[in-house]
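Heads up: the structure comes next, in structure tokens.
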Number of protein chains: 4
Amino acid sequence: MILLHKKTGKKFYLENKDKDFNTHFGIIKKEDLNKEPGSIVKSHLGEEFIIFEDNFNDIIGYLKLGPQSVHKKDIGLLYSLVPIYSGMKIVEGGTGSGILTSYLANSVKPNGKVYSYEIRKDFYKIAKKNFEKLKLLDYIELKLKDINNGIEEKNVDLIVLDTPDPWNTLNFAYESLKIGGYLASFLPNITSVLKLLDLNEKFLLIGIYENFVRKWEYVRGKVLRPENFEIVHTEFLVLFRRI
Amino acid sequence: MILLHKKTGKKFYLENKDKDFNTHFGIIKKEDLNKEPGSIVKSHLGEEFIIFEDNFNDIIGYLKLGPQSVHKKDIGLLYSLVPIYSGMKIVEGGTGSGILTSYLANSVKPNGKVYSYEIRKDFYKIAKKNFEKLKLLDYIELKLKDINNGIEEKNVDLIVLDTPDPWNTLNFAYESLKIGGYLASFLPNITSVLKLLDLNEKFLLIGIYENFVRKWEYVRGKVLRPENFEIVHTEFLVLFRRI
Amino acid sequence: MILLHKKTGKKFYLENKDKDFNTHFGIIKKEDLNKEPGSIVKSHLGEEFIIFEDNFNDIIGYLKLGPQSVHKKDIGLLYSLVPIYSGMKIVEGGTGSGILTSYLANSVKPNGKVYSYEIRKDFYKIAKKNFEKLKLLDYIELKLKDINNGIEEKNVDLIVLDTPDPWNTLNFAYESLKIGGYLASFLPNITSVLKLLDLNEKFLLIGIYENFVRKWEYVRGKVLRPENFEIVHTEFLVLFRRI
Amino acid sequence: MILLHKKTGKKFYLENKDKDFNTHFGIIKKEDLNKEPGSIVKSHLGEEFIIFEDNFNDIIGYLKLGPQSVHKKDIGLLYSLVPIYSGMKIVEGGTGSGILTSYLANSVKPNGKVYSYEIRKDFYKIAKKNFEKLKLLDYIELKLKDINNGIEEKNVDLIVLDTPDPWNTLNFAYESLKIGGYLASFLPNITSVLKLLDLNEKFLLIGIYENFVRKWEYVRGKVLRPENFEIVHTEFLVLFRRI
């Protein structure tokens, strides 16, 4: 499991460094693949590659994706509202392909743990493989269970829901969270947000948020301008706290 | 150092639990202040308070602020682009009041460290006290030095600059970062962004970003609508990578 | 009724040019105030002023305002969706201080007309005075009536509602509009938008819109950056069409 | 030139009503096409169509487009900053396919005029045809000339530039505008905005603007949410005034 960068910035992800690796910039030999991180190696066409260390941020881009996944910008929004750090105990509803789970587990390691509930067997399998690739299996307990049938964990710091019916989780979440713990729910429709707010009785509402990220394009000496098209809506984030 | 929540959600921050505590909801006795986190205690007016555990996210709101500070939403943006986790080695230019430093240190603990450069003595002192309150002193090395005179750390994972002239740090940053390491610069003006991009020669440009967060207001049974006014501009984030 | 600009760009609005005019840049004499538009005159302190022509866009900034008014940026949004031009027949519900009414009347003149309904006598009076200042009285029929009691006009091109309960106007609006005519409703809350959409049965929904305008700051040779604070929410615009 | 609407809201544009018209909802006979606006006619499949009046807003959607065109939302932005109405004298640089020209001409008729400069013969021809379709030829003088070689019109109310080098037009624009007149420049890159601002010496800067429009999706009884993707950048608008 190595990552290589050519000088253009293109990345390649290898699951196996026991055989030569083919790129359209040429073949890199097995011996070269096993050199120290930071080494520069050449393909048979003379193109230079850099051997990269394992890095969460690089590997996360190469994971297998199932249908549902919280967008990176919204993960950033969650982190800005609820700092997530080593030692936390987190419950997640709706593992999906495990992207958000991986961010969370990567943040709570080495002393914390993420307990993630998923009802679909196919997503469970995809997520499991992704955690393996990221070497995060020790920090995640993946459960093939419906979070709306009950949350087994107690004294939890944070519960994150990426499910279509978070109002069905409200009571279980309240019992599971410690005092001061947070409940975060990602929802694509304002109609669902409204239903969740109306059905909440016990939690303190911290806020309802949306997040837009705008990327700019740059061409040296010529152009600096915002990108023309952007995702302007993914999900609303509703944040509650148990008090 | 305890945090108390009344049922209305109002928080109080205490540096000292060795004497009775006065609030406009009544006085809470010393003995009550020293009960277990999660306990409910009463003021002499019969108002209920909950004793909270120490919590990074609560305490950060009570820190002393100097003039400069990266906005929470922009910290979230950084985390969405460069996951920051236990064990990382980070250099920061421009400690200011130490808010961003604290987020970073809280994320890299218990195995990582943040080396933060600040040229102003008054900011240095404010930041030092804030790190103490957050019990983060073990994970931060605060330096009363100009980052533009050189970066002493090597093999660094991430350098974050909240300085007005990041172009003067480019060469030192390049030498200090490990291969694959990131350089992130926060800048309020597009004119500074342009100068930084034009003067960069060695780094791969990952992107130029802005982040907007929109908060919604909710009144049960009546109103759900976006807040009228919002901060729409704080800083641009320019992200480079050493390859 | 004249407008004067000093070289700094500051504007002054005069209702009366029959006497000398005092500014903190000095006094301008009556004789000077009555010179040709475009003339440059001097105050007794030697400061230069330009005599401006009557101009809708300058005067609109000096109107008396009551509590409710559609924001300029949202007027622009309406114009981008439904071009408004000479000869149109428009009905408005909720005159308020008459700002939107004035924009509409100014656009439909000299051959069109705006029929505007207002239930509050005090707003009616404010609006009337504003139309007088703008010399738009010939193009506006202001009615002290509740639009939800019926719309007297037929074969209307556009109905614009700035009222809290537009669902009560749906049937009257349908009968009043010509085939192909538009119904535009401004609403601050998404909950009201939802109610209007759910209660609409006859109209074709063209769209639901929001509009953000971002202004940039410029200091020559130094700074170009977005303004820090901005109105990010005023009203949603729901646009229907009779087909 | 008739517009037909089926009950689904689908529109058809006909240049010729002297022969039967084919749609995938059936054939409509010539006799039916010549009925009064507002009539309901049937195709040979029994599907109902409504005969629409000529309408600027419907026809503009069927114009032939060349490569460059100011976006509708930005036209709305311009209208919100500089009301455009009957009788105004406007100069435009960069006709392109004539979309903005058409909006302007439609607003200044019947007493005003738009003088539009275009250097490319192919665009000139496309624009000319579009003006014909919209019956706006009387209100537009289209010139196959470079606006940077001089502006022939004097005492102009507004000059709008959709050209890549507006700084080359500054002096001519100043001479052409009346006192109080506006100069509006649409520019896609912030680098061009900066150049224009730096090179401007005579004009008062009113503002630098961007405009975002967000559209929401609605499915009755189910969903109300913002659209996922949106154009977030088209052009900046720089607005100056001659004082």
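Glycine is no exception: its Cβ is also placed from the backbone N, Cα and C atoms.
Per TrEMBL, the S-adenosyl-L-methionine site holds A:S97, A:G98, A:I99, A:L100, A:D146, A:D162; the candidate it also names there, chosen from A:E118, A:E152, A:E153, A:E175, is A:E118.
For A:I99 (S-adenosyl-L-methionine binding site), the same-chain residues lying six or more positions away in sequence with a CB closer than 8 A to its CB are A:I60, A:L63, A:L65, A:S69, A:V70, A:I75, A:N130.
Of the listed binding-site residues A:E118, A:D146, A:D162, the Cβ environment within 10 Å is emptiest of other Cβ atoms at A:D146. Farthest C-alpha pair in the S-adenosyl-L-methionine-binding residues A:S97, A:G98, A:I99, A:L100, A:E118, A:D146, A:D162: 19 Å apart. Reduced to three states, the DSSP call for A:L100 (S-adenosyl-L-methionine binding site) is helix.
Residue with the densest Cβ environment among the binding-site residues A:S97, A:G98, A:L100: A:G98, by other Cβ atoms within 10 Å.
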